[in-house]
Structure formats: structure tokens, C-alpha cells
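Student: Following this message is one structure expressed as C-alpha cells.
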Amino acid sequence: MDRRIAVIGTGYVGLVSGACFAYLGHKVIGLDIDEEKVEKLRKGKVPIYEPGLDRILSKALSDGNIEFTTDYEYAVKNSDFIFIAVGTPSREDGSADLTFVESAYRSIARYIGDEDFKVIVNKSTVPVGTGRWAREFIASLLRERGIKEPEKRFEVVSNPEFLREGKAVEDFMKPDRVVVGADNRDVAGLVASLYEKLQPPILITDLPTAEMIKYASNAFLATKISFINEIANICEKLGADVTVVARGMGLDHRISLHFLRAGCGFGGSCFPKDVKALIHTAKEVREEPELLESVISVNERQKLRPVEKLLKHIPSLEGRRVAVWGLSFKPETDDMREAPSIPIVRELVKRGAYVLAYDPVALENARKVFSEELKAGRLELVSDKYEALESSDALILVTEWDEFKEVDFDKLKGKVVVDGRNLWEPSIMKQFCTYESIGRP
Ligand code: UDX
């Protein structure tokens with residue numbers, strides 16, 4: 001059955017979820033407070049780089065299954081399910097900042113009526129306990145408005161997302177699982193039924209368990225990466241090859257081959273933020289999350305590993321020119337949040353180098369991130385990978401975009417090349433340049 005869904009927030013999670021629900025046949029209202037963005041979305045213009053999303057969105061628009069608005073009253077009154085997909089950025093102390101979530105609850109509570117029953121679904125990653133707190137909070141707002149039996153007018157549900165950037169549409173349409181947490185099982189079943197057409201494995205839980213599944217999943221994947229990076233660093237000293245070690249481990253199905261690629265660390269909008277938030281939550285309940293703290297500290301160190309490797313061959317970078325290939329936190333996205341390229345470029349600049357950086361899609365975001373380095377004339381963003389390389393003494397590969405796989409070896413001659421993602425074959429590279437990679441002899 002087609003349902004009426006509002007999605008609050010048209011960022012990457014909200015827009016993908018809203019467009020995909022509409023593609024599945026539901027009637028979706030996407031709400032954002034940014035007028036300009038809403039105007040663009042109405043015309044089918046996708047403001048982020050996400051493969052396949054424009055196609056899904058234009059189909060949903062032409063079928064009349066999705067519309068966009070800035071009007072909370074309209075969105076709340078014309079929907080039965082209200083998904084919250086607003087940002088939960090990290091505060092200075094690592095905790096999640098719930099300002100946007102709280103403000104969404106307030107706006108929704110303003111328009112819930114005496115006869116209504118609304119299902120409010122948290123898609124945003126919120127600290128464990130937020131769902132139950134939200135129930136009290138929204139009920140108190142309704143009570144203030146004089147709404148009768150406020151607890152019966154809505155239910156709060158947790159339905160965390162597991163969408164990878166660059167593969168978000170695919171992950172939505174073919175989920176490994178759909179997790180729905182609610183203290184009222186019938187309502188959880190209603191939310192699960194929104195995904196019926198996809199026939200995913202469904203796990204129905206209580207509220208805090210669903211919230212914890214999201215954090216534990218991301219923390220575990222981040223742990224795998226820090227683990228393999230630490231193994232890589234040991235491999236290097238002992239002459240072992242981490243890529244083969246990872247394969248040998250991963251063929252054991254209890255371990256699996258995924259997320260065992262050693263490199264220069266993880267970035268992005270989720271892993272660093274979620275692990276830090278989980279550490280913060282654990283400390284609030286007087287637990288000492290030692291393992292999780294190490295996941296972060298190993299990662300921070302790993303990001304600078306390519307620079308250390310470069311220094312082995314060029315001990316002083318003063319006045320030297322260094323090319324950087326890849327700035328986004330991973331391929332297939334223009335997202336630079338927590339990208340390893342940020343500390344790498346800054347460290348190079350701090351050591352006196354002049355940096356020439358290239359990325360296939362992230363240059364616009366890079367311009368904002370590196371505004372100081374650009375102003376100081378220490379960094380140049382170029383639109384061709386060889387333009388960055390030509391006049392440089394060294395190259396650091398930070399993001400393994402497909403277009404870097406193919407390389408004109410002659411252009412590498414005489415240079416120091418640090419491959420931060422083990423993209424190239426050492427035996428070939430060593431014929432042309434001084435080659436370093438991560439965890440390989
Ligand atoms: C992640 C989760 O995968 C997704 O389920 C969650 O909802 C949001 O966070 P995303 O941040 O888009 O998705 O990126 P992902 O593909 O998981 O990669 C995260 C980071 O880990 C990247 O910087 C990537 O380069 C790094 N990584 C990943 C490794 O260094 N090694 C690996 O083996 C895998």
C-alpha cells in the first residue's frame with residue numbers, strides 16, 4: 001500500500017530516502033528550510049554528487065510521487081510518517097549536536113492535531129536514548145498546546161540508515177537489512193511495511209537497541225580499518241604484504257574480505273563522527289571505551305603516514321613541489337568531510353612545500369576547505385592530474401579514483417611516489433620511480 005511520507009531535511013540521507021520511497025510508489029513530501037535548495041529540487045536538480053540519484057528523482061517527480069516544500073504545516077498535515085533526516089554534527093567534545101533534530105521536533109509538534117496519529121521516524125544518527133527522550137519531549141510540547149491525550153497522537157521510531165556515499169541509491173534499494181526500533185511493535189511493523197517491495201531482512205527491536213545497532217555497525221567497520229592499518233604498519237617492518245594478509249584473513253567467512261583495505265585512514269561524515277559520539281556516550285555512563293579510543297587515535301596517525309614516507313626520501317620539504325591526487329574522503333563523492341587529504345595537505349604546507357592538488361569532482365569543496373592555504377599561495381588546485389604532477393618532485397595518492405589506475409609511467413620518472421591506497425603494482429612502479437605504499441614490502 002502506498003503511504004504518505006514527509007522527509008524533514010533534504011541532505012544526502014533525506015534526499016536519497018525521500019526519492020527512493022517515492023520511486024517505490026509512496027507519496028513523499030521533502031521539506032527543507034533552505035528555499036533555494038527546494039526550488040532546485042522541484043526542477044529535479046540534485047545538489048550533491050550521488051550516482052543514480054538524479055534518475056530516481058526525475059522519475060519520482062514525473063510520476064507525481066514527490067514534492068518539495070519549506071512549509072512544515074503542509075508537510076505534517078499531509079503525511080502519516082515523518083522521517084527526520086537532519087544533520088547531527090559533532091560538538092567540540094565529540095558528542096552529537098542535536099540542535100537541528102530538536103528544532104525539527106518542535107516544528108512538527110506545532111502542527112499535530114487532536115485527531116492525528118503521526119509516526120515520527122528518526123533516520124538521522126542520534127545518540128542512544130534520544131528516541132525515548134523525544135517521546136517525552138514531543139508529548140510535553142503537545143500538552144503545552146492543550147492537545148488531548150498527547151501520547152496517543154504520535155509514536156517515535158528509530159530506523160537508522162546504512163547508506164554509503166556514492167552507493168546510497170543501491171544501498172537503499174538492496175539493503176542488507178532494515179532495522180526498525182520502537183517501543184510499540186505494531187508501529188514498528190508499519191514502518192517496516194514501507195520497505196515491503198524491497199523484501200529486505202527486517203529486524204524489529206526496541207528504541208535504544210535500534211539506535212545502538214547503527215553506532216555499533218559503524219564503529220565495527222571503523223575498527224576493521226584501524227586494525228588492518230595497524231597490521232599494515234607492522235607488515236612493513238617485517239617484509240610481509242598486508243594486501244595478501246587481508247585476503248588470507250578475509251577468506252575466513254567469520255572475518256570477511258570487506259573493510260580490510262589498508263590505506264591512509266578513514267574519513268567521511270559518519271565513521272569519525274559516530275565513533276566519537278559513541279565514546280562520548282560510553283563515558284557519560286562511566287564506561288572506558290579503550291578500544292574505540294584507539295580506533296580514532298590509530299586513524300589520526302595513519303592519515304599522516306604518507307607524509308612520513310615522503311620525508312624518508314625528501315627529508316626537507318622546504319621549497320619542494322608536491323602533487324596530491326585525490327581530495328575527497330573516498331572515490332565517487334565530492335565530500336571532503338574528515339578527508340585524509342586535509343591533514344596531509346596542511347602538513348605538507350607546514351613543512352614548507354608548495355602543493356599542487358587535483359581531484360576529479362571535489363575541487364569546489366576543496367576551495368572552501370583550503371581557503372587559507374590558497375590565500376597564502378601555498379596550494380594550487382589544478383584541473384588535470386598531470387598538470388599537478390609535471391613540475392612536482394613527489395606525488396601522494398590520497399584517494400583511489402578509477403582514473404588514477406591508469407598512469408603514464410614516463411611522467412613519474414625521477415619522482416618519489418607515495419601510494420596511500422595501494423592502488424598501483426609495486427614491481428611495475430619501482431621501474432619508474434621511488435615508490436612507497438602502505439604495508440607492502
Ligand atoms: C559509511 C558506512 O559504510 C555506511 O553504512 C554508513 O551509513 C555511513 O558511513 P561512507 O562514509 O559513505 O559510509 O563510506 P565507506 O565506503 O564506508 O568508507 C568510509 C571510509 O573508510 C572512507 O574514507 C574509505 O576510504 C575508508 N575505507 C573503507 C578504508 O580505508 N578501507 C576499507 O577497507 C574500507
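Cβ atoms are placed via backbone N, Cα and C, with glycine included.
What TrEMBL lists as NAD(+) binding site is Asp32, Lys37, Thr88, Thr125, Glu165, Lys273, Arg337. What TrEMBL records for Phe162, Leu163, Arg164, Glu165, Lys214, Phe259, Leu260, Arg261, Ala262, Gly263, Gly267, Lys330 is substrate binding site. Summarising the annotation, TrEMBL assigns active site, nucleophile to Cys270. Positions annotated as domain 'UDP-glucose/GDP-mannose dehydrogenase C-terminal' by TrEMBL: 323-426.
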Student: Scan Lys37, Thr88, Thr125, Ala262, Lys273, Arg337 for binding-site residues whose C-beta lands under 6 Å from an atom of ligand 1 and note them, or write none.
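Tutor: Among the binding-site residues listed, not one has its Cβ under 6 Å from ligand 1.
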Student: Could you check which of the binding-site residues (Phe162, Arg164, Lys214, Leu260, Ala262) sits closest to Lys273 (NAD(+) binding site), going Cα to Cα?
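Tutor: Of all the candidates listed, Lys214 is nearest in space.
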Student: For Thr125 (NAD(+) binding site), which of the binding-site residues Phe162, Arg164, Lys214, Leu260 has the nearest Cα in space?
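Tutor: Looking at Cα distances from Thr125 (NAD(+) binding site), the smallest one goes to Lys214.
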Student: In whole Å, how far does the CA atom of Lys37 (NAD(+) binding site) lie from that of the residue listed as 'active site, nucleophile'?
Tutor: 23
Student: Around Gly267 (substrate binding site), how many other C-beta atoms are within 10 angstroms of its C-beta?
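Tutor: Step by step: centre on the Cβ of Gly267 (substrate binding site), count other Cβ atoms within 10 Å, giving 24.
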Student: Give me the long-range Cβ neighbours of Phe162 (substrate binding site): same chain, 6+ apart, Cβ under 8 Å, in sequence order.
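Tutor: Spatial neighbours, sequence-distant, of Phe162 (substrate binding site): Asp171, Pro175, Asp176, Arg177, Lys214, Ser217.
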Student: Out of Lys37, Arg164, which of these binding-site residues shows the lowest number of other CB atoms within 10 Å of its CB?
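Tutor: Looking at the binding-site residues Lys37, Arg164, the Cβ with the fewest others within 10 Å is that of Arg164.
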Student: Count up the helix, strand and coil residues in the domain 'UDP-glucose/GDP-mannose dehydrogenase C-terminal' (323-426) according to DSSP, in that order.
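Tutor: The breakdown for the domain 'UDP-glucose/GDP-mannose dehydrogenase C-terminal' (323-426) reads 36 helix, 19 strand, 49 coil.
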Student: Starting from the Cβ of Leu260 (substrate binding site), draw a 10 Å sphere and report how many other Cβ atoms land inside it.
Tutor: 21
Student: So of Asp32, Glu165, which of the binding-site residues has the fewest other Cβ atoms within 10 Å around its own Cβ?
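Tutor: Asp32, out of the binding-site residues Asp32, Glu165, has the fewest neighbouring Cβ atoms within 10 Å.
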